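Visitor: Take a look at what TrEMBL says about it:
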TRANSMEM  69-87  transmembrane segment
BINDING   Gly75, Val78, Asn82, Asn340, Leu469, Ser473  Na(+) binding site
TRANSMEM  99-120  transmembrane segment
TRANSMEM  141-169  transmembrane segment
TRANSMEM  225-246  transmembrane segment
TRANSMEM  258-278  transmembrane segment
TRANSMEM  301-322  transmembrane segment
TRANSMEM  334-355  transmembrane segment
TRANSMEM  457-483  transmembrane segment
TRANSMEM  495-514  transmembrane segment
TRANSMEM  526-547  transmembrane segment
TRANSMEM  567-593  transmembrane segment
TRANSMEM  613-638  transmembrane segment
REGION    680-727  region 'Disordered'
COMPBIAS  698-709  compositional bias 'Polar residues'
Amino acid sequence: MPKNSKVTQREHSSEHVTESVADLLAHEEPVDYKRSVLNVTGEAWDKQKDGDEELDAENRPAWNSKLQYILAQIGYSVGLGNVWRFPYLCQKNGGGAYLVPYLVLLIIIGLPLFFLELAVGQRIRRGSIGVWNYICPRLGGIGYASCLVCFFVGLYYNVIIGWSIFYFFKSFQYPLPWSECPIVKNGSVAIVETECERSSATTYFWYRETLDISNSISESGGLNWKMTLCLLVAWSLVGLAMIKGIQSSGKVMYFSSLFPYVVLVCFLVRGLLLRGAVDGIMHMFTPKLDKMLDPQVWREAATQVFFALGLGFGGVIAFSSYNKQDNNCHFDATLVSFINFFTSVLATLVVFAVLGFKANIMNEKCVVENAEKILGYLNTNVLSHDLIPPHVNFSHLTAKDYNEMYRVIMTVKEGHFKELGLDACLLEDELNKSVQGTGLAFIAFTEAMTHFPASPFWSVMFFLMLINLGLGSMIGTMSGITTPIIDTFKVRKEVFTVGSCIFAFVVGLIFVQRSGNYFVTMFDDYSATLPLTVVVILENIAVAWIYGTKKFMQELTEMLGFRPYQFYYYTWKYVSPICMAVLMTASIIQLGVSPPGYSAWIREEAAEKFLFYPTWAMAILISLIILASLPLPLVFILRQFHLVSDGSNALSVTYKKGRMMKDISNLEDNDETRFILSKVPSETPSPMPTHRSYLGPGSNSSMEMSSAPNGRYGSGYLLASTPESEL
């Protein structure tokens, strides 16, 4: 017997032995059947092939450093939604009071599910398809559904990066092109563009100069060549960042993840120095406690938590799969979750400091315009001079003086007040104007920046930040597609990455026609929400109820070196599935209560108008939801009725010395001897379905005797020290 074997070591040790025979056999160095006299199969040993397989396994990509990995996860989870969705929800749902339900749901839903995805990716070291194929083959459709949702989201998300690229290049001029309405010549007369005059300069530039938008989704209007070119640039950036996998995308993350924080801090400092910034921040964080009792607030908070962390997309699993086995993914989950939360709060401070400044500018403009109306009424004797308080000076009229004058006139002229057409000009009304998404970034924020000193500099910084935020999220989204496909189908990384980017660009041309913005809205609202909610519920069920929470917790203990808190046991098993089921039910009810529609820009009216989707658009909308969810029942049926192999007798992941080893597919009954006598120690199966490490004489941990029906083997065999047996 070899001197370094566990049995020999035990003979010379006085330590009390508590390990089972199964444990000893599992760790014993096996014979390489191909090179030994025990090779009775007649199979020749191909040294070159064997070496190539090991080399391929040993060369599996890995993060250069822990910092690079953390920045990649932060770059993926912190995206455009943190800048333009979270502030809007915070304002809409009670200001500071909204932070309470958001933080509660982040802790009981977001953090546990984020930790779960990190753990399974790190343990099995495969993309989403491989992970869920192993854990529960009948739920293997989870991985394919994640890939489809990533594809749908990537299609329109990169269009937003294209818009940001367009504004970025337009920012290198003074004054900014959206600061004033264009002048058009009508014969010898120069007049302001009517559409711009009836809306605003920034609104006109967005809808007409940038999108050249049509009046409805039914009016295609042809391709917008400027946006087509910007979309090509955006996909080229993503392709270059992804071409070498994490070897290239990891380096990009150093800039794309850190630069947005530099810009946000600069904007916060600059914003706090602006007049009226404090008004915006005070308005933002003044809690409306009654909102906390509104179920709609909790539903929107849960949805935001869900999407902010990128749950269900597969990007989290993909990034985590390149980690070492002993990486502390619990620390990673906690760190990234709360960095995401504090980034949202930081972005909210920046947004409302700037919007507070903009609200003051707009309020002063309102006061000036209405003061001119009052002066006109005084000069025509429509109003008496006795109504004007003696201390009011029209040449230096303040908002306070105007409000006092407004109340007096409204009281005296109560019967005919509406005919005067005076506005209240309340700062609170300006601050209450909710803006989100493209309306916040490309209209409200750009308008505020036109009033900044050195406005082109701030515009360049802002849109460069949006490009980096979008690029970080796109790299994670594309990894949710490329990693599982490359792992599962063994395609060449470079070829598949370039091919998928070209294909996505061609399909994405639907978003750069003149009606493209309406398709972006459709995909954003409906292509991901419901399918991803179902995906995450099934992920949770697969691990907590099918694979087993106790088994999963024990294997996390072996992987991390410490036992995770019991908090995770109860959230995975009970709290998170229930909360996600409630969220899914609420989302379905919301779809039924609110007929699908979109805000269309009507050129003749120079205003937005809500329109319902036509029948053909509704068909596309429903098809998106069905197509994204289709892999879930399809894979289940195919494997339940054995129409395709469920992989239960195939080993997809093996390990050698903590590194990824080769795949052994279609392990037939007559191959069991070959497998047992394989070259790699970790490939030797334990006769026990589950192996637990030797924990010492004082350990209370007992060996589980479950049959593991959902493992890779239909007979319940699991590897003793491979990811398959331990997850």
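Glycine residues also receive a Cβ, built from the backbone N, Cα and C atoms like all the rest.
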Visitor: Mind pulling out the one from 69-87, 141-169, 334-355, 457-483, 526-547 with the most Cβ pairs under 8 angstroms to the transmembrane segment (613-638)?
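Guide: Answer is 141-169, with the largest number of Cβ pairs below 8 Å.
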Visitor: Please work out whether the transmembrane segment (526-547) lies in contact with the transmembrane segment (225-246), by counting C-beta pairs under 8 angstroms that are 6 or more apart in sequence and asking whether there are at least 3.
Guide: no
Visitor: Of Val78, Leu469, the binding-site residues given in the record, which has the fewest other CB atoms within 10 A of its CB?
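Guide: Comparing Cβ neighbours within 10 Å for the binding-site residues Val78, Leu469, Val78 has the fewest.
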Visitor: Decide whether the stretches the transmembrane segment (258-278) and the transmembrane segment (99-120) have at least 3 CB pairs under 8 angstroms, with pairs required to be 6 or more apart in sequence.
Guide: no
Visitor: Around the Cβ of Gly75 (Na(+) binding site), how many other Cβ atoms lie within 10 Å? Please give the count over every shown protein chain.
Guide: 28
Visitor: Within a 10 Å radius around the Cβ, which one of these binding-site residues has the most neighbouring Cβ atoms: Asn82, Asn340, Ser473?
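Guide: Top count of Cβ atoms within 10 Å goes to Ser473.
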Visitor: Given pairs 6 or more apart, does the transmembrane segment (567-593) have at least three Cβ pairs under 8 Å with the transmembrane segment (301-322)?
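Guide: Answer yes: the transmembrane segment (567-593) meets the transmembrane segment (301-322) with 3 or more Cβ pairs below 8 Å.
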Visitor: Under a Cβ pair cut-off of under 8 Å, which of the recorded stretches 69-87, 225-246, 301-322, 334-355 contacts the transmembrane segment (99-120) most often?
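Guide: Top-ranked stretch among 69-87, 225-246, 301-322, 334-355: 301-322.
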Visitor: Determine which residues of the chain contact the transmembrane segment (225-246) at the Cβ level, with the cut-off under 8 Å and only residues 6 or more beyond its ends counted.
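Guide: For the transmembrane segment (225-246), the nonlocal Cβ contacts are 61-63, 72, 158-159, 161-163, 165-166, 210-211, 252, 319, 322, 471, 474-475, 478-479, 482-483, 493-494, 497-498, 501-502, 504-505, 508-509, 511-512, 516.
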